[in-house]
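Here is what TrEMBL records for this protein:
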DOMAIN    B:115-395  domain 'NADH:quinone oxidoreductase/Mrp antiporter transmembrane'
SIGNAL    B:1-22  signal peptide
TRANSMEM  B:28-47  transmembrane segment
TRANSMEM  B:67-91  transmembrane segment
TRANSMEM  B:97-123  transmembrane segment
TRANSMEM  B:187-209  transmembrane segment
TRANSMEM  B:221-241  transmembrane segment
TRANSMEM  B:247-267  transmembrane segment
TRANSMEM  B:279-296  transmembrane segment
TRANSMEM  B:308-328  transmembrane segment
TRANSMEM  B:335-355  transmembrane segment
TRANSMEM  B:361-380  transmembrane segment
TRANSMEM  B:385-403  transmembrane segment
TRANSMEM  B:423-439  transmembrane segment
Amino acid sequence: MLWNSIYELDLCLGLLLLIFFGLFSLRNGHVALNHIRFLCQCWLLMITPLEVQDYALCLLTIVLLQSFHSFEALLFLLLGYVGQLYMLHSCNLVSFYVCLEAQTLCVVVLCGLLARGASTSFSVEAALKFLLLSAMVSGMALFWFSAMYQRTGSLEMIGQETFWILLVMLFKLGVAPMHLWSVDLYGSIPKSLLLYLSTAPKLSLFTFWASSWHHDYSVGVFILFSMLIGSIGAYGQPALRSLFAYSTINEIGLLLLAVETAGFHTLYQHLSIYIITQLLLWNLTDKRLFLICAVSLAGLPPFAGFFGKAWIFWHAMSVQAFSLLAAALLCTVLSLVYYLRVIRLFWVTPVHTAATFIGSQNQTTLTSACAITLVFTPVMLIKPFIV
Amino acid sequence: MFITLFLLTFALSLILIPESQAYVVRTWAFIATLLPMWALTWCWWTFDASGHGLQMVVILGRSHLAFGIDAVALSLMLLTTILFPICMMLLRSVAGFMTFILLEVLILGALCILDLLGFYILFEASLILLFLLIGRAPYGSLDAAYKIVLYTMVGSLVLLPTLFMIYSECGTTNVLYMTCASNYQTVLGWGLLAVLAVKIPLMPVHLWLPEAHVAAPTAGSVLLAGVLLKLGGIGFLRFMLPVVPEFCVSVFPLVSTLCLISFLFSTLSTLRQIDLKKIVAYSSIAHMSLVTLAIFSQSEFSAYSSSFLMIAHGLVSPALFLIVGILYDRAHTKYILYFSGLGASMPIACTLFFLFTLGNLAFPLFPNFIAEVLCLVSIFAVHELLAYVFCVCQVLAAAYGFWAFNRVAHGIARGPSDISRTEFHTILPLLIGVLWLGTKPM
């Protein structure tokens, strides 16, 4: 991480100390939460190097930080952010592993910690599952890295067999044969952490994949698995959260298709649309906003989700990946049905508890949701017709 | 034309403000749908009917998004804007008004856009609104809502890669510039045919239409029958014939077989129906198959005759749906077995029903007659045997028309009260249009 000058480094470290002190004071009730949170966000902004991808991650984390309220959450999120930042730029196996583990363990700890009241046992159970599975996968990856070190004597990432890195990354993303933890986790963790989990690791891992790393193997089988399981698995789900966990798996499959066909610009477009959708989805206050979310995820025009999918399909067609494209189109139709079902549940049946969200909590979440909605619908309308 | 869309989006935003006072919203919505009607009448006035090309073309900047009107589109847009105030008179809830105004924006945009991707986006965007409209619990059925969305979605997902192929082939999706090389025409043609065959229902993929028309509220049925089917027709005329003409010629045997089968099948199916709305819906399929056949015959009169039949059908079918809606309001059932002898207690309504049934059968003095004669002429120029067969089969349409009318209007009187003034006024514009077009077509 390169800072421009020693003064800036000094300022960053000083700010970090201030934040720690502030967090401890927060625990004792001396300082207001908003100020500490603001300081954390400023600190994030300052330690980011001057590249677009890092700033995207920084912006996302700043927005996500807005919905957390406790001392441990802020601390671990900052730590996780540092891990992600280093991972984006890592070209060494060890640094990749360390940063990935840092980020994962932050999420694991937060899963267990942020429970409130009755859902404590669910959160702890989910955290344990995630911990065990990710520890197993990371352990296997570590073994492979050490075997490679023994064989070749170097820890550079380029020029090695990249299969295990691929597997570890796909596991963390929640890609289909290894998706079961995400389905369980989505149902059990509090909403702010769910928002973090479904956006930030995906952004950092895909950015790492697209910019710093080259994969030698085709991920076609993972794409097919993800899309099919994501489309069909949601049919039996009773809970909204697990339904959207499966829709996330479907979307990850689509993003993998974008990576597979080397359409990285389409990857970023669809990823950003997906992140905005997730932000809106888990911050809802109104059933119309939910309609926008669900229709955008389903890929119906005129919302932005259609354009994200359309660009991915377009790119897939231009590189002639016809069979994958056909599978993707089929899975779009399959997933449309459960989106319609959820929309119908919200809108058509006149039950008293469903459609009226008790207009919740902070002004901040409300403003973020509204801002996102405004950005949402018309932004992609202009885009296809230019160029 | 741009003014029209602008007016509508303006009305849309104004709808958001008074949400509590339903009466104000209602009048606002009604006025908001009258404005495009006047704007389009002005467009009609300034239209130069002697030219062959597109007029009032608006190209946005350096993008390839363009809007333009030709005669077919102009007449269909006028039909749309006449039908929407009628729909507005039938609605009762604020959500309904919002939905319909949104639908009007989308449909008017889809009728005048010259860009294939834009057309796709606009008519797909109406799908979710139709889902909410049809799936509403007390009147509608969820089954029908799923069917319409899934059928149209599958068809349009077939179009999507085709669209990308057109783009990579021609560099643009604007129909003004698209001329396609012949080696890609088959694939492009099949893609376009897939989605348009679902929309203007041809035989194997017509199954959504009876259920959707039955399950929609009255205003929704009026809209579906009057306008949305015509989107398929204009898709054929505007996007398929100019872009893939050789494919159209080569697929004509298949399309004509499908049209014939769907005509016969829907006409004969109607005789077995016991739901009044389904009778009208199946007759819509029959008319639309004749429109498709006329378009694909590509003879001298084909565009004119098919658009005239579309307009005629767009006046008569909504009127029939309105009458059935009135009967439903009285009796809360649509089953034909419950209605009998309405001629005694509802004379005005039965007169109207009789007149529009005659219109449906293509009786002379009605625009359907002129339109069907012209369609048959244009088919006759290409394929004489098919035209003979269609002439003969036209008679079958009379069978279900008169059977339905007989069951409803004659017989032992069990009468609901007669048609009220409001309801009469909703049908009145359509009646005037039908009578005028029937005796003085343009």
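Heads up, the Cβ atoms here are built off N, Cα and C, so glycines get one too.
Same-chain residues lying 6+ beyond the ends of the transmembrane segment (B:361-380) with a Cβ under 8 Å from its Cβ atoms: 287, 290-291, 293-294, 297, 299-302, 304-306, 308-309, 311-313, 315-316, 386-387, 390-391, 394, 397-398, 401-402, 434, 437-439, 441. Spatially, the transmembrane segment (B:335-355) is adjacent to the transmembrane segment (B:423-439); three or more Cβ-Cβ distances between them are under 8 Å for residues at least 6 apart in sequence.
Here the transmembrane segment (B:67-91) sits apart from the transmembrane segment (B:187-209); fewer than 3 CB pairs are under 8 Å, leaving out pairs fewer than 6 apart in sequence. Two recorded stretches are said to be in contact when at least 3 C-beta pairs lie under 8 angstroms, sequence spacing 6 or more; the transmembrane segment (B:423-439) and the transmembrane segment (B:308-328) meet this definition. Sequence-remote contacts of a segment are chain residues at least 6 beyond its ends whose Cβ falls under 8 Å from one of its Cβ atoms, and for the transmembrane segment (B:187-209) they are 120, 123, 144, 147-148, 151-152, 154-156, 158-159, 161-163, 165-166, 169, 180, 228-233, 235-236, 239-240, 243-244, 247-248, 251, 255, 258-259, 261-262, 265-266, 281, 284-285, 288-289, 291-292.
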